[in-house]
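Quick notes on the structure that follows.
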Amino acid sequence: MTEAFPNGKTPQHVLGPPAPAAVFLVLTVRSGAEAEAKDFLGDIAGVVRSVGFRAREDHLSCVTGIGAELWDRMFDAPRPAGLHPFIEQRGDVHTAPSTPGDLLFHIRARRMDLCFELARQLVGELGDAVSVVDEVHGFRYFDERDIMGFVDGTENPEDQEAVDSVFTPTGGDDPASSTYVIVQKYTHDMAAWEALSVEDQEAAFGRHKLSDMEFPDEDKAPNSHLILNTIEDEDGTEHKIVRDNMVFGSVESGEFGTYFIGYAADVSVTEQMLENMFIGNPRGTYDRILDFSTAQTGGLFFVPSQDFLDDPDGELAAAEPSDAQNDDPASASARIEETDPPNPASADDPAPADDSLGIGSLRRRDQ
């Protein structure tokens, strides 16, 4: 059984400890197959349980995201406030492209065979209603490091801060207990990166490579990754997202990369991070890491509550007219306790809150 937030809504299984294995699937839905795709949303939890039941100790889970164009085709209701196609970031030197994507499946487990089997079953159930436009098999790399050798996710929020950073509150513009996710596939020029001295690599990140200790602010370069990924309000309040990046690669092709995936209650936080990285802050002061990293894909998805996936039409009907404005916004913020049960799209017991994922920091864009 699943325990809902105090607002009565059950979120998808976004927060959890870093998994050793993951499969990222981005699909497009064939024109005319919208009804099939919508009907399948309620079946996803059952498929996850069927695959994961045979190995509950390996914590199989799946997060489902819906793209803006598919939302318009599937539902008569307006899009959630933050849902729109991924915004291309075209800087003077580097570009973050916007690429097709109607559905996202973020599959995680302790074993790749479980991830693979779930991916196979999900796509098989959808049949010719969908096409796979991107598939990445990710793995955890040496003490939580990325392929470039630096620890990834050090600044991720934890516990209640993670919940508040990720899930939309009751009484806001979005359905409660939902979130937004942005995904990008980056490939790295490892030969050029490894030709740098460790000192130059550390300057690009703003962090020591071996110890993972952050540089003092006065020692960080203005184009360092940490500087450009710190998002603050005018009053100095820092805004964070939760990311679960994974390494991928092929020795045969020589392609090595990082799959970026970032969850946020306010997607503009992640978008401001990307604008800083690619356009620069100020313009032209782009992220030094991009001289060695190329964004190949870019997608933005709405991740509704599990209640919505189980009955989207019912949830949308219940929201008209919405009495959400009369609710206490704080009621959607719930601490994830160690004893919380898994949500329906997870085949295992939940992870302790102090193992929850977190992220680097970001500055909120004025809207």
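Even glycines carry a Cβ here, placed using N, Cα and C.
Marked as active site, proton acceptor by Swiss-Prot on the basis of similarity to another entry: ASP152. Secondary structure at ASP152 (active site, proton acceptor), as computed by DSSP, is coil.
Annotation comment: Swiss-Prot describes HIS225 as heme binding site.
Swiss-Prot lists 311-367 with the feature region 'Disordered'.
Positions annotated as compositional bias 'Low complexity' by Swiss-Prot: 345-356.
What Swiss-Prot records for 358-365 is region 'Targeting peptide', and it gives a curator's inference as the kind of evidence.
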Problem set entry | Number of Cβ atoms other than its own within 10 Å, given for HIS225 (heme binding site) | 23
Seminar exercise, completed: Sequence-ordered list of residues in the chain of ASP152 (active site, proton acceptor) that lie 6 or more positions away and have a Cβ within less than 8 Å of its Cβ, or none, is GLU144, ARG145, ASP146, ASN245, THR258
